[in-house]
C-alpha cells in the first residue's frame, strides 16, 4: 500500500483545512480512475496544484484485501496533502478504510457523485445523494472514530434537479461534521450539458463550510472565472489537468518541461507503459498534428516513446 520511502507521521502532515483558511483559491486535482495515481500527483504538485485526490477506491475491497490495499493506494512523504476517495455504503466499512489510511493521508472523501451504472447498481456513488441520512451517518461515524482532529472528512456530490434536495443533503452533511463539499454542477443524468454554476453558487451561499466547484474547467482563467461566478473556496479539475498538468501554473498548453518532468517521474515510479503512454497522449493532444498523433498513439513500448520524444521534441 505504502511506498518504501514513507517516513511520515500524523503530526507532520499538512492540514488541508489550512489551505481553505488561507483566503487563496485552492487548486485541486480530481479523483480520476487510473490516472490520479502517485506519479501524476507528483507531477501536478510541481505546477501549483495545492491538493490531490487518489482515484476512487471501493472501501469494502480495500478493508478486506491486502492485495487491494497494495495496488490501490501508494504514497510517499512528498505526496501531501492527499485525500483518499472511497466508494462506500456502510458507515463502519468507511470507518475501517479511513482508519487504515489515516497515518498516511490527510483525509478521506466519500464519493457521492459517480454516475456510472455499476457504481449506482452497487449502491455507491451518485445514488447516495438520494440518501442524505446515510451520508450524514457515514460522516458522523468517521468523525467519531478517527481521533486525529486534523484528518478531514469530505464528500463529492452531483446536484438534484430540485436544488432544495441538494441543499438539504449538504446541510445534513455539514451538521455531521463534514470538512468541505465538492459539487459537480450537473445532475446524474447530465453528461456534456453546460455546468450549473448558479447551483454551486446557491449551495455555497447556503453553507458555512468550504465548497469546491467542479466541472468543465480547462484553464487557469476558467478556474478564476468559476471562482468569481460561484464564490467557491476551491476549484477541482479532472480532464483539464490530464490535457495540461501545468494549467494551474498558468500555462495554456502543456510545456515541454512538463513532458520532460512526466517522463522522469513516471520512469522513477515504474509507471506501467499503458498509463505512461496515455498520459503523454493527453498532454500532447494540443501540440501535435493529426499525422504525428497517428504515429505516436500506436507506439507500443517505453523505449519507442522515449526515442520519439527525443527525435521530435528533444525531450
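Cβ atoms are placed via backbone N, Cα and C, with glycine included.
TrEMBL has this to say about the protein:
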type	residues	note
ACT_SITE	114	active site, proton donor
BINDING	31, 32, 33, 85, 184, 238, 239	FMN binding site
DOMAIN	29-291	domain 'DUS-like FMN-binding'
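Comparing residue 33 (FMN binding site) with the residue listed as 'active site, proton donor', their Cα atoms are 11 Å apart once rounded.
Of the listed recorded positions, namely 32, 114, the sparsest CB environment within 10 A is found at 32.
When the Cα atoms are compared, residue 184 (FMN binding site) and residue 114 (active site, proton donor) turn out to be 10 Å apart. Just so you know, of the binding-site residues 33, 238, the Cβ with the fewest other Cβ atoms around it within 10 Å is the one at 33.
With the fewest other Cβ atoms inside 10 Å of its Cβ, the least crowded of the binding-site residues 184, 239 in this structure is 239.
Here FMN is bound by 31, 32, 33, 85, 184, 238, 239 per the record. The longest Cα to Cα distance in that group is 18 Å. Residue pair residue 238 (FMN binding site) / residue 114 (active site, proton donor) shows a Cα separation of 13 Å. When the Cα atoms are compared, residue 32 (FMN binding site) and the residue listed as 'active site, proton donor' turn out to be 11 Å apart. Take the CB of residue 85 (FMN binding site) and look out to 10 A: across all protein chains shown you find 25 other CB atoms. Cα spacing between residue 114 (active site, proton donor) and residue 239 (FMN binding site): 15 Å, rounded to the nearest whole number. Note on the domain 'DUS-like FMN-binding' (29-291): mean pLDDT across this stretch is 97. In the shown protein chains, 25 other C-beta atoms lie within 10 A of the C-beta of residue 31 (FMN binding site).
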